[in-house]
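What follows is a short report on a single structure.
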Amino acid sequence: MIDELVYMLTDPLMQRALIAALLVGLTAPIVGTYLVQRRLSLLGDGIGHVALTGVALGWLVGAAMGLVPQDVLAIPGAVIAAVVGSVAIEIVRSRGRTSGDVALALLFYGGIAGGVLLIGIAGGTQSNLMAYLFGSISTVTGADLVLTVILGVVILAVGLGLRAALFTVSQDEEFAIASGLPVRFLNIAVAVVAALTVTVAMRVVGLLLVSALMIVPVAVAQLVTRSFSRTMLLAAIVGVTVCVTGLSITYWHNWSPGATIVVLAIVVYAVVATVAPAIARGRRRHHHDPHPDIPDDVRVRPESTSVQGAPAAERKGGDDPCSA
Amino acid sequence: MISARGVCVRLGASDILHGVDLTVTDGEVVALLGANGSGKSTLVRSLVGVLPLAAGSVELLGSPLGPSVDWERVGYVPQRVSAQSGVPSTAREVVSSGLLHGRRLRLPRGWRTRTDEALELVGLRDRAQDSTSELSGGQQQRVLIARALVRRPDVMILDEPVAGVDQPSQEAFAATMRRLVSQGLTVLVVLHELGELAPLVTRAVVLRHGQVVHDGAPPAASPGTTTRRTSTSTPTTTTRATTRAPPSTSPTPG
Ligand SMILES: Nc1ncnc2c1ncn2[C@@H]1O[C@H](COP(=O)(O)OP(=O)(O)OP(=O)(O)O)[C@@H](O)[C@H]1O
Ligand SMILES: [Mg+2]
């Protein structure tokens, strides 16, 4: 067992894959926390679909320029398309004209259809897109890894460095405007960072499952936390754990890494959702009562209540109706 | 401190405000009154730059609305719409967001102490670690007041800050405001009842159908009596008798 682990960790292909998975597991939930807070959980999906068009577009340009591996421009294409798409969604959302819902739907269908259409024009087949739709972490090259690390650092710098400001706009945009914060800039920063996250995660879990990595760890964390910072921290821990564990499993089993990681995340969710209420109940037992010393500002006089025909006896310690 | 000239605001297809003029000078406590839908929230939201002006101009602290305003000196309490965000956040986190303004995008040193002091002012120090979704509506309102107070503003714009807040907390809020006003705070406050703030209010502005119909003395109201006036030249408001004073008061929903 130990031998096998050492063997896995010394395999350069696996090393690259593990680093990529680690970065994705860390960044996707951090960005996802803001998306969930803004109730834009599906944004990642919308961006993912647009990124597919970008992949095909990169392919088309690469083919036209006669570049050797035809798909060298696929990832840059995805980055550009994802950024443009997410900024467009943000503009539509902030104008408040079309509901964000409809804008997302347009992106979903337009993105997939555009991708399939363009890849055909570029002389590729739909199966060329499969690697992007479902992930292809086993083919991460050194250059891919460098790009992934750079993007990951940018995402972390924005997502953590601007945490207080991004929290403020995501929490209450109206208050943020009334505080003179650069709200438009911050909103676009979230959109751009979400787009970068999608393209980084594309290699690991594929465009169709990207959003799961941004959302499911946050959903797990929410089950047990009460604060924003704890939610973000726990989501990142869950994200890193499922990504690294899921990827390692596929070293021994010939399963799809992306699907394994996402299923693992959902299993974690199911387990925590089952266990969390019991833990919370246990904790509440030692906890203060839910109505701590709230002063009685209204004096209840027995006569005045009986006037309304409902004689209310003074509650004594023992007759809590909930304790029955 | 606040100066609005000919403010017109258009929402959707309708003109909500038609040429509103409003000036609040240093040290004043101005109550903004009016029926539901008369445009009070629309006016204060346009004063802080949330709603675009169709016409007219607004100056805050001597600067036209925009990045040149010294936002650190402005505290805003919105009228609460109970939209919860998707991720839990503690009272402390929400209040700390009041420390960001203008180009300050990161929490200052000592933010925790300042946040806890502001929570203390609204009597929620011991709930600092609780998720705001676990607080009652009135407690959530008090968190929003603390968020505006935390930056120690020189001018506060409050939209029904005490709606749904219980009597002791209203008294505590009024006491805090009295102290801050005596230290020079300027206030524009939207109210339906002057209530505990009545002694502080120096001027009242009444909106009706998006226009100012009264700007002058606050409606006379002494605590413990209910005033109802029908004159058109003076504003109409009611002050609620405090629930504690008369011993025979029947129970009021807290
Ligand atoms: N987003 C909107 N689009 C169109 N009309 C709006 C919008 N928001 C508010 N209104 C209208 O503007 C008018 C003024 O609303 P506003 O919220 O300013 O009233 P208010 O005086 O604050 O009332 P309340 O006492 O209920 O808080 C109302 O008639 C309302 O229907
Ligand atoms: Mg209002």
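Keep in mind that glycine also has a Cβ here, set from the backbone N, Cα and C atoms.
These come from TrEMBL:
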type     : residues  : note
TRANSMEM : A:17-36   : transmembrane segment
TRANSMEM : A:48-67   : transmembrane segment
TRANSMEM : A:73-92   : transmembrane segment
TRANSMEM : A:104-125 : transmembrane segment
TRANSMEM : A:145-169 : transmembrane segment
TRANSMEM : A:181-201 : transmembrane segment
TRANSMEM : A:207-225 : transmembrane segment
TRANSMEM : A:232-252 : transmembrane segment
TRANSMEM : A:258-280 : transmembrane segment
REGION   : A:282-324 : region 'Disordered'
COMPBIAS : A:290-302 : compositional bias 'Basic and acidic residues'
COMPBIAS : A:313-324 : compositional bias 'Basic and acidic residues'
CB contact flag for the transmembrane segment (A:104-125) and the transmembrane segment (A:48-67), at least three pairs under 8 A
yes
Answer key: the stretch among A:17-36, A:73-92, A:207-225, A:232-252, A:258-280 with most Cβ pairs under 8 A to the transmembrane segment (A:48-67) is A:73-92
Please give the sequence-distant neighbours of the transmembrane segment (A:207-225): residues at least 6 beyond its ends with Cβ less than 8 Å from one of its Cβ atoms.
24-25, 28-29, 31-33, 35-36, 41-45, 47-49, 51-52, 132-135, 194, 197-198, 201, 231-236, 238-239, 242-243, 258-259, 261-262, 265-266, 268-269, 272-273, 276, 279-280
Please work out which recorded stretch in A:145-169, A:232-252, A:258-280 has the most C-beta pairs separated by under 8 angstroms from the transmembrane segment (A:17-36)?
A:232-252
